[in-house]
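Swiss-Prot annotations:
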TRANSMEM  40-60  transmembrane segment
TRANSMEM  98-118  transmembrane segment
TRANSMEM  121-141  transmembrane segment
TRANSMEM  155-175  transmembrane segment
TRANSMEM  200-220  transmembrane segment
TRANSMEM  227-247  transmembrane segment
TRANSMEM  255-275  transmembrane segment
Amino acid sequence: MLDILSAIILGAVQGISEFLPISSSGHLVLVPALLGIETGLAFDTILHIGTLVAIFTFFWKDIINLIKGFILSIIDLTEGVDIFKRELHRVPEKRFAWLIIVGTIPTGIMGILLKDAIETIFRGTLFVGIFLLVTAAVLYYSERHSSGQITQKDMSFKQALIVGICQGLAVFPGISRSGSTIASGLCLGLNREYAARYSFLLSIPAVIGAGLIQIKDIATLDASASVLLAGFISSVIFGYLSIKLLMKMIKGWSLDIFAYYCTIIGIITIILSVVL
């Protein structure tokens, strides 16, 4: 059964690994296994909601612009305006809102179709280790193919769709959501800072969708309110700090440091899974 200290640790792990490209789903399998505790999907959902609050807190101005752009687009559509010919290029808020929508579509489809099967088949620590190595390879590759300067005004809907597909692959435990989206963005020619910003904002619909699907499981949580609150607050604080850290690092630091980390943890995880 969860206690407050374990909840704080897991909240910190979620907050850090959700935004740094090291796989939150993988770490939420590994850390409870090391601590000898069972959390379940319901507690994971509480932690994901905490990181969602962190995103809203850090990117609140961008989110307001996204909402504004979406509402204006809907108004245009009801008035018969062909937004895809003219308006999306003229109004940045509208264009960015639709870039997020287009990127969310494949993620949602993949999540609905694959999530249950993957969580059943690939939840073990051996698979986490294998997919952490995949994450490491993707990060390492992207650093050597990231010379683009594409920003919001230049990003195509095709590129948004590809990044959304890569985000959908994060249903595999050990595949980093932020890692796959930032890396795919870099390989597509996105500016480093914009690739990270788009990645974080693209995660909002995915986290909300996953939370709505799993909200029914929260009633099954065998933990006190204080334990849940501790995990939630911890994920918010560490999530916010991790976003701030990565947004600074992405400008001048290489993603190789995360690739090396995922490689080391992945190899150790595979060895322990086979030996123990």
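Keep in mind that glycine also has a Cβ here, set from the backbone N, Cα and C atoms.
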Legend entry - Maximum Cβ pairs under 8 Å to the transmembrane segment (121-141) - stretch from the list 40-60, 155-175, 227-247, 255-275: 255-275
Inset, instruction - Count, for each of 98-118, 155-175, 227-247, 255-275, the Cβ pairs lying under 8 Å from the transmembrane segment (40-60), and report the range with the highest count. - result: 227-247
Inset, instruction - Using a Cβ-Cβ cut-off of under 8 Å, list the residues of the same chain that are 6+ residues beyond the ends of the transmembrane segment (227-247) and lie near it. - result: 2-4, 7-12, 14-16, 18-21, 43, 46-51, 53-55, 57-59, 178, 193, 196-197, 200, 221
